[in-house]
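Per Swiss-Prot, the feature active site, proton acceptor maps to GLU89; the stated evidence is sequence analysis. Annotation source Swiss-Prot lists active site, S-methylcysteine intermediate at CYS345. Residues or ranges marked as [4Fe-4S] cluster binding site in Swiss-Prot (evidence: sequence analysis): CYS123, CYS127, CYS130. The S-adenosyl-L-methionine binding site annotation in Swiss-Prot covers GLY173, GLU174, SER203, SER226, LEU227, HIS228, ASN302 and is backed by sequence analysis. Marked as disulfide bond by Swiss-Prot: CYS116-CYS345. Summarising the annotation, Swiss-Prot assigns domain 'Radical SAM core' to 109-340.
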Amino acid sequence: MKASVYDFTLKELSQLLKPSFRAKQLYLWLYAKYKTSFKDMQNNFSKDFIAYLEREFTLRTIEIAHVRKSIDGSKKYLFKSLRDNHTFEAVLLKMKDKKIDEETNAILEGEKYTVCVSCQIGCQVGCTFCFTQKGGFVRNLKASEIIQQALLIKEDNNLPIEKALNIVFMGMGEPLNNLDEVCKAIEIFNTGMQISPKRITISTSGVADKIPILAGKNLGVQLAISLHAVDDKTRSSLMPLNKKYNIECVLNEVRKWPLEQRKRVMFEYLLIKDLNDSLDCAKKLLKLLNGIKSKVNLILFNPHEGSKFERPSLESARMFADFLNSKGLLCTIRESKALDIEAACGQLREKKLSQQI
């Protein structure tokens, strides 16, 4: 089976293609001009070279299978692999609307978008609050499949080539359990799509022994830790992984994470009604994170069919956040997006699979 050309870093292509400057030309066709056929690259490639590319490589290996649009402008994408027909998800989040001068119609500030990408089909971690775990683990995604999620979403929304995106590895799968492909994708996002590592966030459930491996790669990305509880008993009930990597183990590795000036490690905390949303939990969280340059991102549980958990009130979330902020721990409440379109991780995929049975 031919490899996808999207699986290769610029350095790898420079070693494969002769002369080596062909690699940069090919990258421009792929990531600056969105060409999806080698024949469309004839302007500066000879027929013989195009024949070589067609013989050695393939291009697109995934396609959009389904899209759902939210009333808030967000979109949930279901992608299908063209090789094995397995499906996985990504989400386009519209973070800010365009600002226009009412008198001149000049664009003062463009829209801001975040793409939430998947790195695995299914997940091995098995978090009880997450819809993805229902389908079990299928396989890791290749770097090319991660990259194509962002490319296809940009194309589908007619976003300008130069439009910068934020990339968050918060879709299906645990990034640190597919670290090689995730790191390769990050390099290609940077050199190919011109997305700065500062715009990329890796969210992990806390695979503690791989955090220093990621740190050692010096990628310059942001780190987010899915914490979700302030004691091991509660966290283990939500995240079985905690039985192997408990809170103390994870935080010990986080303390060693290299931080640029003015940067913080993000801690994601899923608020679940009557489980971890009390003021007492907020006090314990403050104590846990003492000495760590951090930011807490509160997420209100996104209800889905079959879950025993409930969404807390916005009032309780504000009390939680206000307490932490009053004590000097930066805390925000994540704005809920796409609640009307099965945006919970794995929800759209599971729905489509159920319809096929």
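For all residues, glycine too, the Cβ spot is worked out from N, Cα and C.
Feature map: annotations from Swiss-Prot on the structure.
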residue	record	contacts (Cβ under 8 Å, 6+ apart)
CYS116	disulfide bond	ALA90, VAL91, LEU92, LEU93, VAL168, MET170, GLY171
CYS127	[4Fe-4S] cluster binding site	GLN133, SER205, SER226, LEU238, MET239, PRO240, LEU241
GLY173	S-adenosyl-L-methionine binding site	SER118, CYS119, GLN120, ILE121, GLY122, CYS123, THR132, ASN140, LEU141
GLU174	S-adenosyl-L-methionine binding site	CYS119, GLN120, CYS123, GLN124, VAL125, THR204, SER205, VAL207
SER203	S-adenosyl-L-methionine binding site	VAL168, PHE169, MET170, PRO175, ALA224, ILE225, SER226, GLU268
LEU227	S-adenosyl-L-methionine binding site	GLY206, ARG235, ILE247, VAL250, PHE267, GLU268, TYR269, LEU285
HIS228	S-adenosyl-L-methionine binding site	PHE129, ARG235, LEU238, MET239, GLU268, TYR269, LEU270, ASN276
Winner by Cβ contact number (other Cβ atoms within 10 Å) across the binding-site residues SER226, ASN302: SER226
Protein Cβ atoms within 10 Å of CYS130 ([4Fe-4S] cluster binding site), excluding its own: 23
Mean of pLDDT values spanning the domain 'Radical SAM core' (109-340): 94
Secondary structure of CYS116 (disulfide bond) (DSSP, helix/strand/coil): strand
Max CA-CA distance, Å, over listed S-adenosyl-L-methionine-binding residues GLY173, GLU174, SER203, SER226, LEU227, HIS228, ASN302: 19
CYS123 ([4Fe-4S] cluster binding site): tally of other CB atoms within 10 A of its CB: 25
Around the Cβ of the residue listed as 'active site, proton acceptor', the count of other Cβ atoms that are within 10 Å: 29
Cα distance (Å, whole number) from ASN302 (S-adenosyl-L-methionine binding site) to CYS130 ([4Fe-4S] cluster binding site): 9
Distance from GLU89 (active site, proton acceptor) back to ASN302 (S-adenosyl-L-methionine binding site), taken between C-alpha atoms, in Å: 16
